[in-house]
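**Student:** According to Swiss-Prot, the record shows the following:
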type: COMPBIAS; residues: 102-111; note: compositional bias 'Basic and acidic residues'
type: DOMAIN; residues: 205-348; note: domain 'FCP1 homology'
type: REGION; residues: 93-114; note: region 'Disordered'
type: TOPO_DOM; residues: 43-127; note: topological domain 'Mitochondrial matrix'
type: TOPO_DOM; residues: 149-409; note: topological domain 'Mitochondrial intermembrane'
type: TRANSIT; residues: 1-42; note: transit peptide
type: TRANSMEM; residues: 128-148; note: transmembrane segment
Amino acid sequence: MSLIAIERVLCGWPKICRKLIVTSRSLTSGLRRALVKQPRKGGDVGKPGMELGRCSCFGLRVNLSNASVVYVGHRRYSTYEKTSTQILTKLFPQTSEESNDEESRERRKLEEEEEQKELERAFRRMKLGFGLFGIGSMLFSFWAIYFYGRPSLDEHGNEVIDEFSCLPQMQQLMWRTWKSVNRFQRFFKEPSRKKLLPDPLQPPYVQPPYTLVLEIKDVLVHPDWTYETGWRFKKRPGVDVFLKECAKYFEIVVYTAEQGVTVFPLVDALDPNGCIMYRLVRDSTHFDGGHHVKNLDNLNRDLKRVVVVDWDRNSTKFHPSNSFSIPRWSGNDNDTTLFELTSFLSVLGTSEIDDVREVLQYYNQFSDSLSQFRENQRKLGELMHAEEVEKTSKSRPVVKNWTRGFINH
């Protein structure tokens, strides 16, 4: 118990003692009156001629009959439960077992009425809110139709004639508004500009022969979150070697659906040597079917020499023949995908292929493109070794071969 609770108990103890004394006096006086002034009820309480007995209670000596003692005891014990309940009620009001049904019903009735009134007030507020919202929406619609449906003005303030000028006034407003809505829709769905990359470098500058478009999330890095550090980005094993080797043959471009506020500082930390030449973020994508798609038509590069590396085929669904899919990285340290991808792209860059889409289409028909590339490399190595052995055997001197045959015979 706290000090405040102990103090309250000590302060209230005299009051409780006074209540106990008053209650005991009341019980004593009531019992005394019952013993001294006993009621008589004909033949119900006793028989005539019975001897009187003597009883002592709290210093009082009175004469009682046996029947009177039984009667008094009956009264005493029949009212014991009621008297004890009254004592507890006086001392501890919360332990009273008697409930006023009428007050309870009245209280429940008041609560129900108050709840009903609150529901009515809430319904009125809701109707008022819907009404204000409807009026506001109507006024805004009228303003939008007038603002976006009016004809354009030239620099001299004259109306510009368009394809809707021959229609009635109301139809002009509606069709121009609809055209403006479609323009806004294209603004949010299509890339922010027609040319995402500048024109290729001209001599004396060196323009790489191929363009490599990379997704950064789960291809080069993987976001990781912990209670101790929060969000961090983990580098994929081999990413430094991958960027360094690919920069020899490719113009490297990071093209992602992430926000620029995340991508730009991440690329600065990932590529301190500047192997990545350009960075394209979400505003450069085309939103279609719930996906941010990399639209290579706006890349300003020859698509015959563009390779897109990504794990999500929906991101390159406009140009599947230019995509090369690799497994998505989940942060494991024993991943070797970038090392294998470096070998593939190095072979592709040194082969001087005019149209890379033919090679990419061939490997896209396999579920694991890099495994198929390794198998093809193994077969090519065996074939080259066999050709080398055959060439070596054919290049032996004729005299040496004739001498060996002569000795054998």
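Cβ atoms here come from the backbone N, Cα and C positions, even for glycine.
Predicted, not measured: the structure shown is a model, and the values here were computed from it.
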**Student:** With DSSP helix as H/G/I and strand as E/B, how many residues of the compositional bias 'Basic and acidic residues' (102-111) fall in helix, strand and coil?
**Tutor:** 10 helix, 0 strand, 0 coil
**Student:** Within the domain 'FCP1 homology' (205-348), how many residues are helix, strand or coil going by DSSP?
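**Tutor:** The counts are 47 helix, 43 strand, 54 coil.
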**Student:** Return the average pLDDT for the topological domain 'Mitochondrial matrix' (43-127) as a whole number.
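**Tutor:** Average per-residue pLDDT within the topological domain 'Mitochondrial matrix' (43-127): 61.
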